Every structure is written in C-alpha cells, then in structure tokens.
Amino acid sequence: MSATLFRTSTAARSALRAGAATRAASAASTSFVRGKATLPDLPYDYGALEPTISGKIMELHHKNHHQTYVNSFNTATEQLQAAESKQDIAAQIALQPVINFHGGGHINHTLFWENLAPSKNGGGGEPAGQLKTAIETSYGSLSSFKTKFNAALAGIQGSGWAWLVKDTETGQVQIRTYANQDPVVGKYKPLLGIDAWEHAYYLQYQNRKAEYFSAVWDVVNWKTVEKRL
Amino acid sequence: MASAKYSLPPLPYAYDALEPSISAQIMTLHHTKHHQTYINNLNATLASQATATSKQDIVASLHLQNALNFNAGGHINHTLFWENLVPASSPNAQPTAAPKLAAALTAHFGSLEKFQEKFTAMLLGLKGSGWGWLVQDTETGNLELTTSRDQDIVPVGKKPILGVDFWEHAYYLQYLNDKASYAKGIWKITNWKVLEARYESGYEGVFGPLAGLRSSI
Ligand SMILES: [Fe+2]
Ligand SMILES: [Fe+2]
C-alpha cells in the first residue's frame, strides 16, 4: 500500500519541477528528503463505474476531494517536520488531528478506488476462496453480510466509512464503521471500504443514500478485497 | 404510543427565496427530505422510548439515547438554521437590523468583518459533518464561536445566536467541493433581526416550542 501512497523519487521531483510546492523545495534542502504523498491514478476511467456511480461524481471525488486530502496532508507533514526540528512538542501534538484527518482521507480513498471496479473488469459478483469462507463464518451468507454492511452504512451519523476488516488477533472478519476520515489502524486490517460521506453520492442519489449503498455492490472488486485478506 | 409528536415547521420564506446564495433545489431537498427525516426518526425514537419506559427497560432506553440525540439535534439545529436565514433583499439581511449585537461583535472581534472571517475559517476547519455557531455564554455574557459535530446541539449554558449547517448536503448540489463560497454566501442571507432577538432573549426563548425537547437530550 505504501508504494501507491508515496512516490519518493520521480513524482516528487516532477512536482518540484512543475513549481507545485516552493515550500517543499526549501524543506528538501534540509538534511533529508521526505516522500510526498501524491494522488494515485484511478485504475479505470471516471465514467467506468456508471450507472452505479456517475462519471461526474468520480471525477470530483478523485480530482478535487482526494487531491485536497493529499495536499493538506503534505502541508501538515511539513509543519510536523518543522515542529520536530524545533523540538516543539506542543505543536507536534496539535498537528495530530489534522494528520489523522487528511492522512486518513488519503489512505481511505486510495483503498476505496482499488476495491471498486467496473463490471467488465470484475466488479460485482461474489467473493471466492478464503474470503468467501471468512464472510460466511462471520455472517452466515453473502446476502446477510451485505444487509448488515448496508445497515452499518445507513447508521453512520454524519460523515464516515464502513469497512470489512480483519481482526489480526483472531483472524476473523467483521464490519466496523469509522467517523469522518479515521483510518483503519491497530489490530484491524482494512479489506473493503465504502465511502459514506455525502460527496460520494449526493449528485446522483441526493438524500436517497440507501439506493447508493445497495447499488455499490455492483462495482465491488472482490479480487482486490481477497488479496488484502 | 403517542406518535407524530413533532412535525416539520414551514419555512418562513419560499424555497427559491435564498437564491443565488442557496438554490431552490437545495432548499427543497434540505427541508422536505433531510429535515423531515430527522423529525420522522425523532418521533419513531420517542415512541420506542415510551415503550421502553413503560416496560421499565433501562437498557433499551439507554440504547435509544444516541438516536434521540442525533434526531432531536437534527430537528432543533435545522429549525434554528431556517429561522436565522432571510432573503438578501430584506432589510433584515443587513447588520443594521441588529444594532446591539453588531456593537457587541465589533467590541469583541474588532469589526464585523473580522467576526465573519473567523466564523468562516471555523466552518472550513470542520473535519466531517457539523455546524458552526455564534453563541453567548449565559453566565459571562461573552460571545463565542464554536462548532458542533454531526447533529450535536450547542452545549448547555451556551445560547445559540447564529447556526450554519456545514454538512455537505447543505451546499453540494450548487457549490460541489467549493465549500468556502457557500460559507461566504451565508453572510448575504443572514437574518440579523433574528440574531438580535436571540441575543436579547433568555436561553429557553431561543428554542421556542422546542425548548422542552432541547432539555430532554
Ligand atoms: Fe470521499
Ligand atoms: Fe442539514
């Protein structure tokens, strides 16, 4: 995952060449060069998930929302480096919520794009192999899992995500919801994430979010989810 | 049990009256769908709670508290929000309609412009869904800026004077990810006359017929 989230060499250099970040240039002249987060390319076209998710939503979501998390995360990490070099502990602590939010936004969206796919590229259908077994062990059947997952999505009070995660202590899979951009960390490993922020569906579904939640299964990339298990 | 206890208050202006700051499509969906859903879920939660209470089922009652806070908060917050907006053509959309509050804001923040800049910056700093508020501390009388998460209401002891909905549904169809333009546009349709009345009102008075509901969450 870190390979797609950070591109240390070429991308950072070309960003600097493009004059995208003068502050990064001055940071780079200090003792070490830190990898900057960059927006990953979508593995499919903006319109490829239609009619489940419109091309307009995908484009705004990727080019604007995800890009803003990337930019703000980079700004926050520069500020963190400055605070670290000054040994300013209070400033480092004060930056944690911003890093969590924007870093979480970057990680979550990156995982989200990857765990979706157009149906011609394997989106939809059913999980196979160990993943199928794990879901059936925890939830009985795929359809009862989907029902519970959709209920979890619908129960989010505000912005957030629902995830199928693997508990690395027990090896079992379970559904968990996370507020805002809180990332899946600690003993849980993210397998499948669905963005339940209003920006993820509003242009197409408005307040009918339950329709988005039930439609999104048509573009879930189970192969990617299985690889994460 | 007693159901349909709360109902959707009519907007004090037409759905298109806040254009171009807020489109008629947003206002219609926001009022007839989003606000209505909070009310429906609030009434359903209250009915479940009455059942739990009659059975003296404390555990069920506690489990309902979260849904009650969320949906009662959604009803109260949106009601306050509609009231503190007004068409830009109204004389009430001018700060001159709130002489006492404007003087207090100027004294506290340096100028009305600085207050507005700080309020807008606070909105843009929200991480997720929530509200921005101008409140008055009921003990000290001080004016303060604060945010509330999701549908939380402002804390007890803080009297809401101005509330701005910063959920994405409040602006997305018109402004997309440009939430700064939505935030700035609010100042053209702020109902200063209502703000002045809340500034001069007692704490309970601000919530009007929803004062009882507020004290129950
Ligand atoms: Fe998103
Ligand atoms: Fe709202």
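Just so it is clear, glycine is given a Cβ too, placed from its N, Cα and C backbone atoms.
Model, not experiment: these values are computed from the prediction.
The Mn(2+) site in TrEMBL is built from A:His61, A:Asp195, A:His199 plus one of A:His106, A:His109, namely A:His109. With an 8 Å limit on C-beta distances, none of the binding-site residues from A:His61, A:His109, A:Asp195 reaches chain B. Excluding A:His61, A:His109, A:Asp195, A:His199 themselves, the residues of that chain whose CB lies within 8 A of the CB mean position for the Mn(2+) site are, in sequence, A:His62, A:His65, A:His66, A:Phe112, A:Trp197, A:Ala200. In this view, the densest Cβ surroundings among the binding-site residues A:His109, A:His199 belong to A:His109, judged by other Cβ atoms lying within 10 Å. When the domain 'Manganese/iron superoxide dismutase N-terminal' (A:38-117) is classified with DSSP, helix, strand and coil residues number 60 helix, 1 strand, 19 coil. Every protein chain shown contributes to the tally, and the Cβ of A:His61 (Mn(2+) binding site) ends up with 24 other Cβ atoms within 10 Å.
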